[in-house]
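Undergrad: What follows is a single structure, and I will ask about it in a moment.
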Amino acid sequence: MTPQDGDRSGMTAQDGGGSRVTPQDGDRSVVTAQEGGGSRVTPQDGGRSDVTAQEEGLRMDERVETRPQGGVRRGTGDYDLLVVGSANADLVIGVERRPAAGETVLGSDLTVHPGGKGANQAVAAARLGARTALLARVGDDAHGRLLLDSQRAAGVDTDGVLVGGAPTGVALITVDPSGDNSIVVSPGANGRLTPGDIRGARELLARARVVSLQLEIPLDTVAEVARALPSGTRLVLNPSPPAPLPEDVLAVCDPLVVNEHEARYVLGEAGDRPEDWARDLLALGPRSVVVTLGAEGALVADAGGCVRLPSPEVDAVDTTGAGDAFTAALAWRLGLGETLAEAAGFAVRVGAAAVTGRGAQESFPRAGDSLPGEGESVPSGEGSVQSVGESGVR
């Protein structure tokens, strides 16, 4: 099972990372960090939410040295991966079915988790052992502190995280019994990550082997990252949620990572086969393309050809965050010098592992964990390459 569209969830309070809404006296609640990255909403007196906008531009001064859960924290120096993107508090409810227009249904207890595509990718990479940094913006509020705590606990460098400007972004997530999710995101502080913030972080960009982007931050900020990308630094972009992409952004994607929904959006009109999507996406300008296919695995393509990478069979519990785990693993292994097919083969197994537990960050595998399908060889492309050029997939 590999990445699905979505970011993360949990249907009930979990040990090591979930949270639970408890009865309130009044309407005010405070989210407090718990061990493992989750949070619990506890009763308070009063009548307002403890999430307020603060002055823009504040930077978190506190620097906490921790060891990542999946490996030993390295000293200062180059990063294997810099993630530029969103950080959200995920508010999750399990439902038997989603309501129709005008209908109300009952769900499970609310759980609160650290999430957002950018934050998820950073934690996923760090848990695998990558030297990882995050460039993002959160609010100066309880949700922002929850997110910073979860990043530091995983070993992510948070010096690039800006604090203030708006409340922390929030994702409202429903999860059905099959584990599939539907998500509505209120960007909050994510929408205040500006091109100026990127220009102010050029030194951070210069220290990264690979930069990973998503579209839960403003598109002009994404474009600024593409323009500011140092020579020799690889850019991985997952256009989620999908939006029209400028040519200069597409031109530096190596790869562009899409699922079926994102591929069809970017293309407008798409054929029936993933190979067709990959060919047509390459014609738009990216240097390479990866199409994630859920339980069927993934497909990788460049000017030389394309190859499918099957997913190992697993019992899926919750697909939320699997796409983020896949993209993080892919970006990290590309930075280590693996070919696109090799890196994607590893990422498929990481994505499969991520769907076997509830939630996103809590379910991401750690360095040393046994991955589904481990030991299986990555296809060389022989017998499955659809030729679109002269050389093979890198």
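Counting starts with 1 at the first residue shown.
In case you wondered, yes, glycine gets a Cβ from its N, Cα and C as well.
According to TrEMBL, the compositional bias 'Basic and acidic residues' annotation covers 56-66. Per TrEMBL, domain 'Carbohydrate kinase PfkB' is recorded for 80-365. Per TrEMBL, substrate binding site is recorded for Asn88, Ala89, Asp90, Gly116, Lys117, Gly118, Ala119, Asn120, Glu216, Asp324. The ATP binding site annotation in TrEMBL covers Asn259, Thr292, Leu293, Gly294, Ala295, Glu296, Gly297, Gly323, Asp324. The K(+) binding site annotation in TrEMBL covers Asp318, Thr320, Ala354, Gly357, Gly359, Ser363. Residues or ranges marked as active site, proton acceptor in TrEMBL: Asp324. Per TrEMBL, the feature compositional bias 'Low complexity' maps to 370-394.
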Undergrad: Which secondary structure state does DSSP assign to Asp90 (substrate binding site), in the simple three-class scheme?
TA: strand
Undergrad: Can you tell me the CA-to-CA distance separating Thr320 (K(+) binding site) and Lys117 (substrate binding site), as a whole number of Å?
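TA: Thr320 (K(+) binding site) to Lys117 (substrate binding site), Cα-Cα distance: 10 Å.
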Undergrad: Taking only the residues in the domain 'Carbohydrate kinase PfkB' (80-365), give me the average pLDDT of this model.
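TA: Looking only at the domain 'Carbohydrate kinase PfkB' (80-365), pLDDT averages out to 94.
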Undergrad: Can you tell me how many other Cβ atoms are located within 10 Å of the Cβ belonging to Glu216 (substrate binding site)?
TA: 26
Undergrad: Just checking a number: largest C-alpha distance across Asn88, Ala89, Asp90, Gly116, Lys117, Gly118, Ala119, Asn120, Glu216, Asp324 for the substrate site, rounded to a whole Å.
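TA: Site span for substrate, by Cα atoms: 15 Å.
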Undergrad: When the Cα-Cα distance from Asn259 (ATP binding site) is computed for each of the binding-site residues Asn88, Lys117, Asp318, Gly359, Ser363, which gives the smallest value?
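TA: Nearest by Cα distance to Asn259 (ATP binding site): Lys117.
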Undergrad: So of all those binding-site residues, Ala295, Gly297, Asp318, Asp324, Gly359, which one's Cα sits nearest to Asp90 (substrate binding site)?
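TA: Closest by Cα: Gly359.
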Undergrad: Would you identify which of the binding-site residues Ala119, Ala295 has the most other C-beta atoms lying within 10 angstroms of its C-beta?
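TA: Max Cβ neighbours within 10 Å, all protein chains included: Ala119.
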Undergrad: Which one of these binding-site residues, Gly297, Gly357, Gly359, has the sparsest Cβ neighbourhood, judged by other Cβ atoms within 10 angstroms?
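TA: So among Gly297, Gly357, Gly359, the binding-site residues given, the one with the fewest Cβ atoms within 10 Å is Gly357.
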